[in-house]
Amino acid sequence: MAAREEVLALQAEVAQREEELSSLKQRLAAALSTGQESARSVPVSPLPPRAALSREEIRRYSRQLVLPELGMQGQLRLAAAAVLVVGCGGLGCPLAQYLAAAGVGRLGLVDYDVVEASNLARQVLHGEALAGQAKVFSAAAALRRLNSAVECVPYAQALTPATALDLVRRYDVVADCSDNAPTRYLVSDACVLAGRPLVSASALRFEGQLTVYHYGGGPCYRCVFPRPPPAETVTSCADGGVLGAVTGVLGCLQALEVLKTAAGLGPSYSGRLLLFDALRGDFRCIRLRRRRPDCAACGERPTVTDLQDYESFCGSSATDKCRSLRLLSPEERISIMDYKRLLDSRSPHLLLDVRPQVEVDICRLPHALHIPLKSLERRDAESLKVLGEAIREGKQGAQEGASVPIYVICKLGNDSQKAVKILQSWADLDSLTVKDVVGGLMAWAAKIDGTFPQY
């Protein structure tokens, strides 16, 4: 009897806790909604100079206050400094975390994106419970928990040519934690026009870079990169991958440069580029070209006098999301639903998976033949032999004289289109139908098999 009463009591307590949790979630949603509305009206006045630190602040920052290079005056400068963080992802999270911990007076947080499960391995301010919420509000809440004295101003929006210059002018130092060329050019041009130093970092795979632009007569981003790279040569973290600890290292180094700049110590990497190779454990530093007198942004006769359409300038989108290529006509593609119907009908065909081996190791469809895109691009003899044998085997299962269509799949439907173009150019396959599967395996996971891993 006692055991039964305990079970009933526990069940009642669980029900009560679930009701409390539901209420808390509703309050959180309301608070986030209110925050999104109030974020449009942000403080524009500069922070007042600080004459002294409180007793609590002295205790809190005591370990850095005793540094002769920083001291009381440097800490007072940090308390009166406003830093704009563009991007609350793998770089922006550790950067903002250390800026808040060090006592920077105001942090502006710019990001249009929401928290996703794939962010959590490297974006350390966000947690599982906030999936689907705006990154800037998740980050601001975490930073306030860390240091309630720091003013966090979230901007849940993309940085655009219409808003960037006004926003940059409200801050003393800007940190670029973005992951795309249009935003880098936009932020750099805005910093030049506003007269603000720019601390810029990037990370991909096991490598990272860090520099400071437009400081003390040093070069701006356009001085170093007058023309944007071809869009097809740019690899994002979503495409190429990145190790979370790499973004952590670069974000911390970025925070160090921001703190030195804001405290009046001067940055270490103005006119220099720090290169980090995590696999080798190496740090290298190279000197950048000097400020160009003919630079379109910061030169003697600049032509960039206001902000422009940077997506058109770069030929790519101002986002780190995977771009959807359109290399094929609709007739050369098949939807994931139509492919599933074809598969269920047991119609003879060959499914060719062109992802790299490292992605195939994560997940695959068991009936797919794997030949990486790179092997097709270089016409690898062994891969061609395997493909030829698979086509011949497919013909044996088809009606006499019938051809076996090839359907090409990858993660998202981009590399598969490139592969179709390659296969269409081969004379020995000109009699075969070759099509790309729209949306790739992520479409399969979303629309066909909810248990299929997404990565």
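Just so you know, glycine gets a Cβ as well, placed from its N, Cα and C.
Using a 10 Å Cβ-Cβ cutoff, ARG122 (ATP binding site) registers 22 neighbours. Annotation source Swiss-Prot lists ATP binding site at GLY90, ASP111, SER118, ASN119, LEU120, ALA121, ARG122, LYS135, ASP179, ASN180.
The feature region 'Interaction with NFS1' is assigned by Swiss-Prot to 156-236, with similarity to another entry given as support.
Around CYS220 (Zn(2+) binding site), the C-beta neighbours below 8 angstroms that are at least 6 residues distant in the chain are SER188, ASP189, CYS191, VAL192, LEU198, TYR213, HIS214, ARG291, CYS295, ALA297, CYS298. As annotated by Swiss-Prot, Zn(2+) binding site applies to CYS220, CYS223, CYS295, CYS298.
Taken from Swiss-Prot, the feature active site, glycyl thioester intermediate applies to CYS237, supported by sequence analysis.
Every protein chain shown contributes to the tally, and the Cβ of CYS314 (disulfide bond) ends up with 22 other Cβ atoms within 10 Å. CYS314 (disulfide bond) falls within a helical segment according to DSSP. Swiss-Prot lists CYS314-CYS322 with the feature disulfide bond.
For 345-453, the entry in Swiss-Prot reads domain 'Rhodanese'. Secondary structure of the domain 'Rhodanese' (345-453) per DSSP (helix as H, G, I; strand as E, B; remaining residues coil): 46 helix, 14 strand, 49 coil.
Within 10 Å of the C-beta of CYS410 (active site, cysteine persulfide intermediate) there are 25 other C-beta atoms, taking all protein chains into account. Summarising the annotation, Swiss-Prot assigns active site, cysteine persulfide intermediate to CYS410 and lists sequence analysis as the type of evidence.
What Swiss-Prot records for CYS410 is cysteine persulfide, and it gives similarity to another entry as the kind of evidence.
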Ranking the binding-site residues LEU120, CYS223, CYS295 by other Cβ atoms within 10 Å, which is at the bottom?
LEU120
Would you mind pulling the longest C-alpha to C-alpha span across GLY90, ASP111, SER118, ASN119, LEU120, ALA121, ARG122, LYS135, ASP179, ASN180, which the record has binding ATP, in angstrom?
20
Long-range same-chain neighbours of SER118 (ATP binding site), Cβ under 8 Å, sequence gap at least 6?
TYR455
Any idea what the Cα distance is from CYS237 (active site, glycyl thioester intermediate) over to CYS223 (Zn(2+) binding site), rounded to a whole Å?
25
Of the recorded positions listed here (CYS223, CYS314, CYS410), which is spatially closest to ARG122 (ATP binding site) when Cα positions are compared?
CYS410
Whole-number Å value for how far CYS314 (disulfide bond) lies from GLY90 (ATP binding site) (Cα to Cα):
23
Number of helical, extended and coil residues in the region 'Interaction with NFS1' (156-236), per DSSP:
27 helix, 19 strand, 35 coil
